[in-house]
């Protein structure tokens, strides 16, 4: 049973700003994307890695493939994340039994998380890390609170999201014209109920410059 990691690194980072996509910015001695690549490289539960990058970054793709032995190949992504994932799934079809789809701008995954997810997906077929909501959650329309959502049932979902390959591939095939906000939604649309694995809030997505400040602090405090 083979498991591949599909690393989505094709985003341009418009909200972040700057000329270099945030996944290729340096945190100390490594690019943001490399932190998760290091984990996949060292996990005995991951057999291969495929990276999808933006157009114009061939040099970085080549560097990463040379540096990390589990990186089988890289290719260019699309202009939307869902299309990038679909392309990645097409590229690895028939090569693996399970796939872990990961956002390159979530650098702080670890080996223990990967192990938990891979062991769980063998029986659940769709699983993702998540952190329970700690703040009170309001449903708001046009700036006005409509109601309060019980936070004990609210989780903030992260990546990598791990699937039985045939399940997620079939879901993307069926709903290829629908752009859901994460991969779990595709299998949810089939009636599947994914499993959640509780995780640390350190596995956040770097979206803004403030997030990068937090990421640098984490590296300096815990990873140097």
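The first residue you see is number 1, and the count goes up from there.
Glycine too: its Cβ is placed from the backbone N, Cα and C atoms.
Over in Swiss-Prot, the protein carries these features:
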type	residues	note
SITE	15	site 'Transition state stabilizer'
SITE	22	site 'Transition state stabilizer'
SITE	151	site 'Positions MEP for the nucleophilic attack'
SITE	205	site 'Positions MEP for the nucleophilic attack'
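Features as recorded by Swiss-Prot, highlighted on the structure.
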| residue | record | Cβ neighbours (10 Å) |
| --- | --- | --- |
| 22 | site 'Transition state stabilizer' | 26 |
| 151 | site 'Positions MEP for the nucleophilic attack' | 13 |
| 205 | site 'Positions MEP for the nucleophilic attack' | 15 |
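With respect to their backbone Cα atoms, residue 22 (site 'Transition state stabilizer') and residue 151 (site 'Positions MEP for the nucleophilic attack') stand 31 Å from each other.
Between the CA atoms of residue 205 (site 'Positions MEP for the nucleophilic attack') and residue 151 (site 'Positions MEP for the nucleophilic attack') there is a gap of 21 Å.
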